[in-house]
Each structure stands twice: as C-alpha cells, then as structure tokens.
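Lifted from TrEMBL, the feature list:
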- 22-282: domain 'Thiolase N-terminal' (DOMAIN)
- Cys96: active site, acyl-thioester intermediate (ACT_SITE)
- 289-428: domain 'Thiolase C-terminal' (DOMAIN)
- His386: active site, proton acceptor (ACT_SITE)
- Cys416: active site, proton acceptor (ACT_SITE)
Amino acid sequence: TSSSGQTKSKKTLAKPNVRNIVVVDGVRTAFLQSGTSTFKSGLCKCKSTSVPKEVVDYIIFGTVIQEVKTSNVAREAALGAGFSDKTPAHTVTMACISANQAMTTGVGLIASGQCDVVVAGGVELMSDVPIRHSRKMRKMMLDLNKAKTLGQKLSLISKFRLNFLSPELPAVAEFSTSETMGHSADRLAAAFAVSRLEQDEYALRSHSLAKKAQDEGLLSDIIPFKVPGKDTVTKDNGIRPSSLEQMAKLKPAFIKPYGTVTAANSSFLTDGASAMLIMAEEKALAMGYKPKAYLRDFVYVSQDPKDQLLLGPTYATPKVLEKAGLTMNDIDVYEFHEAFSGQILANFKAMDSDWFAQNYMGRKTKVGAPPLEKFNNWGGSLSLGHPFGATGCRLVMAAANRLRKGGGQYGLVAACAAGGQGHAMIVEAYPK
C-alpha cells in the first residue's frame, strides 16, 4: 500500500492495461415515501443525459420486489423510455445493493471490452407491491384449471375453507432466519451498546443535513417526474428534521418494550428510480462529454445473516482500500447507506475496534471509523429515502457531486444488504 497517509498524494488509481471507466452523469427521480404519490412502474423511464439512444450498448437495472408482469423491468423501462429495441437489457437483484450490482456489472462489461456505453440504475415501487393469494388458494385455483369434469370441479370446491382467502405479503424478513431487518438492527445496536439517544441524534443529523442540502440546491441529480394523473414531483418528501424531544416519544418499532430502533431512526419505505451513464473514458471523450468521476476498485462481501446482517461496510471498507492502495486518510468523502441509525453507529464501532478486527475479520488492526465531518454530508437513506433497488446509484452520484463541489479526489461508497451481504467502491473525481 502507498504511504499516502502521511503525504496527501494525488496519485490516480488508473491501472496499466485496464480501461478507465467513467460516470458521465447520473439522475434520479425524487424519492417519495410510499403511499404519498402513487408511482406507476413507468417510473424508471429515467432518461440519462442527452446521449443519443442508439449509442447505448447495454442497459442494467436493479430491483428488489419484482412486479410479476415486468420481471425484467430493465427491458420494459428501456422500451418505455425510447431506447433502441436493439439494445439488450437485464435486471439484477441483490437486496439493498441491487443498483450497485447493476453498476459494477456494467463496469465489468466495459472493462472486458464487450461494451463501451452502459446505462445502469434501479427502481423500487413500495406503494404497490405484489400481494399473493395463500398457497392453499393458489393450489386450488391451479387444480381447478386442470379439472376436466363437473364432478372433479365440485369435489375441489368442496375443500375450500375461508382461511384460504388470507393474502400473503412480500416479507421484509430474512428467508434464512425469518427475522425482520429492524429486529436484527435492534439486536446489533444492543450488541455494540449503541443507545437510543445516540441513534436519535444520528437520525436528526441525517435529516438536518438533507434539509440543508435540499435548501441549497445541492441535490442536483433529481430530475422532475410527472406522476400519471398527479403532479410533477421535484423533491424528496421524506426529509423531516424533528427534535430529540419529539423523537424520544416514539415507541420501539421491533423489539417491544425495550428496543431502541424506532420509526424515527430507521429508513422508511420509499418509491424511486435512479440511472447513470457509464462509459469507457476514451469513448466519452471522443463523444465530447465531460465525465464526472471514475469508477475504481470495488468489492462485495458476505457474512452470517443472523448476527452480522448489517455489518457489510465494516467488512468491505478495509478490503476495498487495500485493493486500491489507499488508507482512510486518503478518502475525502464517505457515502454509506443508512438502513438504520443503529446499523451505521454499530458499523462505526466495529470499524474502530481492534478486537472485532482480530476476532471476526482475521485482521491485525482496525481500519478506523470514518470522520463524521466527511460522512454523508448531504443526508442519507434515513432522510432522503431508500428505494431498495435505486439507492446504489444515489450513493455514487452523491459521492461524485460532493467531490466536484469540495475539490476532493477520492470517495468511498459502502452499503449493507439483506442476506448479510455488502458492497464498497472507490469513486475518483474526474480532473476538472
């Protein structure tokens, strides 16, 4: 690794014989609290800059709760947004890091020389999730479809019971442990001795910084979106700086009555979409574009989904820094996904613990916690919202835009995800 911790070296992370990959631009819709403005699935018609549509080689979108009719939502959105029907598109899913997976899949396609121009993004529509009939009802309907004679049909109908009609909602619980993420976050906060007050203070910081960024016009990646039959939406509507007194009144949401995770210090269910234009640097320059940032090294990590569900950033951060030959001192902006205040603060404590590094990560020393003055300075998922499939692109664009505004060189993006997975990526500012 470089000794750039001491001298603030301004080396670039370009690798010999590997194509430089750049973000030309990225956009998103405003992120809306679910149920506030019903989005239609056409939401992801996020048009990326003024790029000629036929130049795009490939389109990749992330989504988590799939609508059965548009299971390859990337393709349907691409056609709906007017991209060429010659441009292939596929959809990825990796819980809260689905858009990250869409981006890095695009990076892989460009780095390997298969493509020059990729649109990557994500979409989530929590206002209208698919709700299924119960398994017994589904089986009965399918069997009825196959039944030939009236006798067979009557015999099947005679087995019907009222409880067949109870619906099945998509679970926000871990399949492997049957535990909801909020419950896990509460246990994680307790394990790292993160208090209710610390969590409320962190959430208040997130909302206050998001409000400031919104008021100062810093959230410039938002494009106006016309909700069919409703108004045009231009700003995130979940930003609500409260007071610690108000927040203290809320009851625990998951572990009652003693838990510390509440509605005020958790991210909320959100509708939204994001997209970004990723290109090989030489292609972008040949087309006359001024890129915003380079996408550099990235890692994916996986841990035990029971006790380490939300610790992805702790595991991913030292790995990606080592890969890039950087230290925490080299990072000018941090953009971490905020699932819960308790999750962010537990990650800080884990990152700042030699004991945790040695006993759980097989590392000699801790990586250290990110300094708060560089961390999520324009708000985060707690305040801006978290459409599962779309957040990854928001994180990268926030890092890129913050680097441009503040004159920094390196950003670190990290996120945890259901299934005990995680992601981290280095974003390097494009020289002005």
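FYI, residue positions are counted from 1 along the chain as it appears here.
A Cβ is built for glycine as well, from the same backbone N, Cα and C atoms used for every other residue.
Across the domain 'Thiolase C-terminal' (289-428), DSSP assigns 57 helix, 35 strand, 48 coil.
Cα separation, Cys416 (active site, proton acceptor) to His386 (active site, proton acceptor), rounded: 12 Å.
A straight line from the CA of His386 (active site, proton acceptor) to the CA of Cys96 (active site, acyl-thioester intermediate) spans 8 Å. Looking at the domain 'Thiolase N-terminal' (22-282) alone, the prediction's average pLDDT is 92. Here the active-site residues are Cys96, Cys416, and the one whose Cβ sees the fewest other Cβ atoms within 10 Å is Cys96. Neighbour count (other Cβ atoms within 10 Å of the Cβ, all protein chains): 27 for His386 (active site, proton acceptor).
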